[in-house]
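As recorded in TrEMBL, the features of this protein are as follows:
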BINDING   A:His113  heme b binding site
BINDING   A:Tyr125  ubiquinone binding site
TRANSMEM  A:75-98  transmembrane segment
TRANSMEM  A:104-126  transmembrane segment
TRANSMEM  A:138-158  transmembrane segment
Amino acid sequence: MSLSLVLRGAARCNAANLVKSARITPLKSYSTLVANAQRRAVVQPLALAKIAAPVVREISVSAPRMASAGGSHTLLWTVERVVSAGLLAVIPAAFIAPSQVLDALLAVSVVIHAHWGVEAMVVDYMRPSVVGNILPKVAHIALIIISVATLGGLFYFIQNDVGLANGIKRFWAIKGKDAEKKQA
Amino acid sequence: MYALSSSLIRSPALRKGLQVAAANRQVSLKVVSVGSTQKDESFFEKNERLGRKLSPHLTIYQPQLTSMLSIMHRGTGLALGAGVWALGLGALISSHDINHYVTMVEGLQLSGATLTAIKFIIAYPVGYHTANGIRHLLWDTGRFLKIKEVYSTGYAMVATSFVLTAILALL
């Protein structure tokens, strides 16, 4: 053992150098062994400490935690991803085969996707420690009002005008003045 | 060899030695009520009271592909959201139908090239947000999370966004 340490040129005789000397395990996994040993050395006393002094439940006054207090966020997260993926199908479908049903589906999906996105921005940037306690709440309520109004406006548009996809297509089809000259 | 070193760590002799060392260090624990450890003011309130300035963050952190693409995703999303709000709220407020506005834009008599350029600029947020959105959904399935993969998918995504935008602008 000491010979292998000498051969390594190891200055100290400790567990680390012993393990490296033997090198029965590949060197790549050495760090994992040390990390695991170190982790086990920390976790046990921490677990004991938690039994001795149980953590008191924290009551947070920050906006996102207030919003989620008492419930899990996972269902909403999954629904958000489903809507995002759904948009990848709904947008092309609504434009390839315009109809009132697909327009309505498009309107609902886009408005709720935008609502969740802007809500994340409000939660991230309108922090109570920066802007006070009233402004985040006002912003949240304003966002809900805007989203509802937008959806209402889009539904009105689908019902009483050419429809969402057709309307956008009409704008997109505007030709330049030279193209009109060529046609004439 | 690992077995030898781990058995050394777990040996009763070592444990006894550590206990003796701990006793000699004379560490004592004081029992304290939970209420006395709770603070009256928050971290931010305390630092404001002490008149401390906030440490620089955005001004000193080097821009990287990861952060730049991420904030672009948020920016394009906000731009698209504003567009949707304009469409919806506009439809609610306006007293005219859409043909009125189409005629108004046609009346500007813009050239074909200008129109294509404008369509490219309007379509770019759509292309970028869609391409990066797909990248986000792939992350949500647990794929491409290593830093090398984040960078390679990032570059691929930027290229895709331009291709998508070109297709949309030329429709």
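Even glycines carry a Cβ here, placed using N, Cα and C.
Any TrEMBL annotation is an automated prediction that lacks curation.
Remember, it's a predicted structure, so these values are computed and weren't measured experimentally.
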What parts of the chain pack near the transmembrane segment (A:104-126), using Cβ distances under 8 Å and only residues at least 6 beyond its ends? 63-64, 67, 80, 83-84, 86-87, 90-91, 94, 135-136, 139-140, 143-144, 147, 150-151, 154-155, 158, 164-165
Including all protein chains shown, what's the count of other C-beta atoms within 10 A of the C-beta of the residue listed as 'heme b binding site'? 20
Write down the Cα-Cα distance for A:His113 (heme b binding site) and A:Tyr125 (ubiquinone binding site), rounded and given in Å. 19
Count the other Cβ atoms sitting within 10 Å of the Cβ of the residue listed as 'ubiquinone binding site', across every protein chain shown. 11
